[in-house]
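Asker: Look at TrEMBL and you will find 63-481 tagged as domain 'Major facilitator superfamily (MFS) profile'. What TrEMBL records for 522-545 is region 'Disordered'. The transmembrane segment annotation in TrEMBL covers 131-153, 159-181, 202-225, 245-266, 301-324, 336-355, 362-382, 388-415, 427-447, 459-478.
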Amino acid sequence: MLKRLLSSTLLPPFPLLQLHSSQWSLLNTTRSTSLVATLYHDDTTAIANPKLAHKAKWSDLFTVLAAGAALISDGYQNNLMTLLNPLFATRYGKVEYSSAVSTRVSNSLLVGAILGQVSIGVVCDRVGRKSAIIAATLLLFLGAVFATAATAVNGDVSALFWWFTIARGATGVGLGGEYPTSSASASEASNERYGREKRSTIFILCTNVVLSMGGPLAVSCFLIVLSATSYGNTSSPLDLKRLDITWRVCAGIGAVLPLSVIYFRLKMLNSKLYRQGAIKHNVPYFLFLKRYWRRMIGTTMVWFLYDFVAFSNGAFSGSIIASVLKNPTLKRTAEYQLLLGALALPGAFIGAWLVKLIGTKWQLVTGFTGYIVLGLIIGLAWDKIIDIPVLFVILYALLTSSGNLGPGSICGLIASDSYPSALRGSAYGLSAAIGKVGAAVGTEVFTPIQNGIGKKYTFIVAAGVGVLGVLLALFTVVDTTKLNLEEEDRKWEAYLVEHGWKGVVGCDETAFGVKEGLKAEHRVEEQQDDGLRQRSVKDGGSDSE
């Protein structure tokens, strides 16, 4: 009876119908309905190919771990220029390394990241998670190598900085591509391996936590290399040579980090959610915007506000700390930056723990409220706080930690989990790109604010951004901890059929390649029949032929 039930016309024309006799024997002899349900709801390819099923199991784990290991290199690159900006000014002088050159070099990473987030985010959906993630890793590696090799041409230092600018732009494309590829893959893999209840915590641990660790890692490497060269804080030719060694070694470390995960990425599979929900042709972008426009406003604008404050404060933290210290040197400024980065880390860990208790919406509200309170405290009490450098750094770190706890932990999570698998990479990439636009705008805005009306007003502006963030979180963000990713995919596919879209949903990744899935209307019929099959199996699960 069970064999006839599973072979009935309700079943989709998938490899499940090609079970070997030994597998039918297993189904016939067992009286466990849960085994039948588990076999059916696993990927059909995995059932037909046990070797692929074993690979998929380990692929999910390595995808999550590799995402974390890769994003720490992104955090490293994001924080590298915070250290190299004062070094370049010391090494080459403020005439050669003017504020205009500094801004150009810093913004090149942002521009590249925006291009990478949007373009590789689309590739992530149209071609596959694996292909996109390998492309992003290679671009990140090559960009870092070329940045390390930047050289003055015939003694022209401006040529060095143009070379460095272009190389940092290429690095930015790879770095930007890492965001949608690593995050979409981590979200889907953690959902499949750990389930909805743990998905959000795992996601934050392997994204925001490791990104936050990239800053202290960059500062630690800088301090170790600077100390190893025996830099004496003079302008002698020997000390200038030591600065050259320092920045090239630090840039080179940025090339080594992405290579550490390339093997695992070559071995990974596209996630089950992606294989079932991918849309490779005739992508319904208009219907996507029609259904998810409110969520898009939330995920893009919340990220814009966060990066507007976080990236700008991070980029200028060196100069801000140097202005507070009485006798700033490269090493002393970097040491305070390390303290700042280390004190900001607890916010990321608390964010990973807190999300399962209060949800994404209220965690955003909590983080942005921290911006309001701490921004006003630092800004209004600036004249007194700057006389106590340690107190200033602690309050500054609490502000950064508040960002890590709230929007830092949640921006990527809601950008990943708010959308269907078919367009998860594109939606995430667009949200992250708008965030980087916020970072670029913030960098341009904070410079005249600091130079014109004073550094304390940058913190008052941060408090104002916190107010906007709270309002956006309350009215445009959904609590993704309550969302079921599989159910969201089913609702999306039903929505497409309801609005007359014609196309193919899903792809079947086999040991021999990829083949297309079902037409949307057939997929919806299959999902409707699936409920009937589950009930039938439950009612007759104790029977055997």
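Here the Cβ of each residue, glycine as well, is placed from N, Cα and C on the backbone.
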Asker: Give the one range among 159-181, 245-266, 336-355, 362-382 whose Cβ atoms make the most pairs under 8 Å with those of the transmembrane segment (388-415).
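Answerer: Ranking 159-181, 245-266, 336-355, 362-382 by Cβ pairs under 8 Å to the transmembrane segment (388-415) puts 336-355 first.
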Asker: Any idea what the model's mean pLDDT is for the domain 'Major facilitator superfamily (MFS) profile' (63-481)?
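Answerer: The average pLDDT of the model in the domain 'Major facilitator superfamily (MFS) profile' (63-481) works out to 88.
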Asker: Of the listed stretches 202-225, 245-266, 336-355, 459-478, which one has the most C-beta pairs under 8 A with the transmembrane segment (131-153)?
Answerer: 245-266
Asker: Checking distant contacts: for the transmembrane segment (202-225), what same-chain residues at least six beyond its ends satisfy Cβ-Cβ under 8 A?
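Answerer: Sequence-remote neighbours of the transmembrane segment (202-225) are 64-65, 67-69, 71-80, 82-83, 182-183, 186-187, 190, 194, 245-246, 249-250, 253, 314, 331, 334-335, 337-338, 341-342, 344-345, 347-349, 351-352, 355, 404, 408-409, 412-413, 416-417.
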Asker: Which residues of the same chain, at least 6 past either end of the transmembrane segment (245-266), have a Cβ under 8 Å from a Cβ in it?
Answerer: 62-63, 65-66, 69-70, 72-73, 76-77, 80, 83-84, 87-88, 91, 130, 133-134, 137-138, 140-141, 144-145, 147-148, 171, 174, 218, 221-222, 225-226, 229, 231
